[in-house]
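To keep things clear, I will list the structure first and then write my remarks on it.
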C-alpha cells in the first residue's frame with residue numbers, strides 16, 4: 001500500500017514538471033524528424049560533375065558512360081548519382097573544371113569525372129582486337145580525401161565505368177564478384193542506420209527525469225520526514241523506478257512510431273526489442289542514482305548531469321562506432337572496453353534485432369551482458385544513494 005501511495009505521488013510530481021516531461025518524451029522523436037529531413041530517408045545520391053571530352057572527338061561511348069551513370073540505382077530504385085554534365089570541350093569548360101575542383105573543396109560536389117577524348121577509340125579497338133590491353137586511355141576522378149562521401153562516389157562511379165566497358169567489349173575479368181547479403185538483405189539508408197542510436201537516446205533521456213525525481217526529496221528537505229515514516233527505501237526507489245520505466249518505454253515507443261512515419265521498417269522480434277529497452281532503462285536508472293548521489297538539487301541534475309549524459313552518448317557508440325579494446329570473448333560474442341558503459345551493448349543488441357531479425361535467443365549474450373552491466377550500475381547507485389542521502393535508515 002505504501003508503495004502504491006508513493007508511486008502515485010511520484011507520478012503526479014512528474015506530470016507537474018511538464019517541461020522536463022515533454023523533453024523526455026519528445027526530444028528523441030523530434031530528433032528523428034530532423035534527421036529524416038537532413039538525410040531524406042533514402043540512400044545517398046552523390047553529386048558528380050562529368051566532363052565528356054570524348055564527344056568533342058566525335059565518340060559515342062563517352063555519352064554511353066554518362067547514360068550508365070544516370071541510370072545507376074540502388075536496389076530500392078534510388079538513384080546513385082546526381083550528374084552535372086559538361087561536354088562541349090570549349091575553353092569555358094576548361095575554366096568550369098577549375099570551378100568544379102573548387103566546389104570539391106566546399107563539398108558542393110563529391111567527385112569530378114573526366115572522360116578523355118580517346119575513350120571511344122580505345123573501347124572500339126578493344127571490341128574488335130583480342131589484344132585489348134595494348135591500347136589504353138585513362139579517365140580521371142578528382143575528389144577531396146577529407147570528404148567521407150568521395151570514396152563511395154569514386155568507387156560507385158568506377159564500377160559503372162568498368163561495367164560499361166565489359167558490356168561493350170569482350171573483356172572479362174578472371175574473377176567475378178558474387179555478393180551475398182546477411183540479415184534481411186535490404187539496403188539500409190543512412191537514416192535507417194541511425195535508428196538504433198536514436199532509440200537508445202530516447203532511453204538515455206530518462207536520466208534527467210529519474211535524477212530529478214530522486215533528488216527532489218533531498219532538495220525539498222522531506223527526506224527526514226520520509227526517514228521518520230514507515231516508507232522503506234526499496235519502496236521509495238521502487239516507486240520512482242516504476243514511473244521512470246514506464247516513461248522510458250513511452251519515449252521509446254514514440255521514437256519508434258516517429259521512425260515508422262518516416263518510412264523506417266523492421267521485421268525483428270518485438271519481444272527482443274522491448275527486453276533490450278527494459279534492461280537498458282535499468283542501467284539508466286542506475287546511472288541516475290550514481291549521479292544524484294553527488295548532487296543536492298534539480299539544478300545540479302540539469303547541469304552537472306550533462307557530463308554522464310554526453311559521456312554515454314559519445315563513448316557508448318550511440319551514433320558512430322568506436323574502435324575499442326577487446327577484453328574477452330565468449331563464443332562468437334566479443335566484449336570490449338566501452339561495453340562497461342551503460343547502453344553500449346544496447347546499441348549492438350538493437351542492431352541485431354532490428355536489421356538482422358534476431359530473436360531473444362540469438363541476442364541472449366548481448367542481453368545477458370547488458371543485464372549484468374545494468375545490475376552493477378543499479379546496485380552501485382542504490383548503495384551510494386542510500387549511503388549519501390538515506391544514512392539515518
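Glycine is treated like the rest: Cβ placed from N, Cα and C.
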Next on the checklist: Looking at 177-196, 197-216, I want to know which stretch TrEMBL calls transmembrane segment.
Outcome noted: 197-216
Checklist entry - Residues of the same chain, at least six outside the transmembrane segment (367-385), with any C-beta under 8 angstroms of its C-beta? => result 214, 237, 272, 275-276, 279-280, 282-283, 285-290, 292-293, 333, 335, 339-342, 344-346, 349, 360
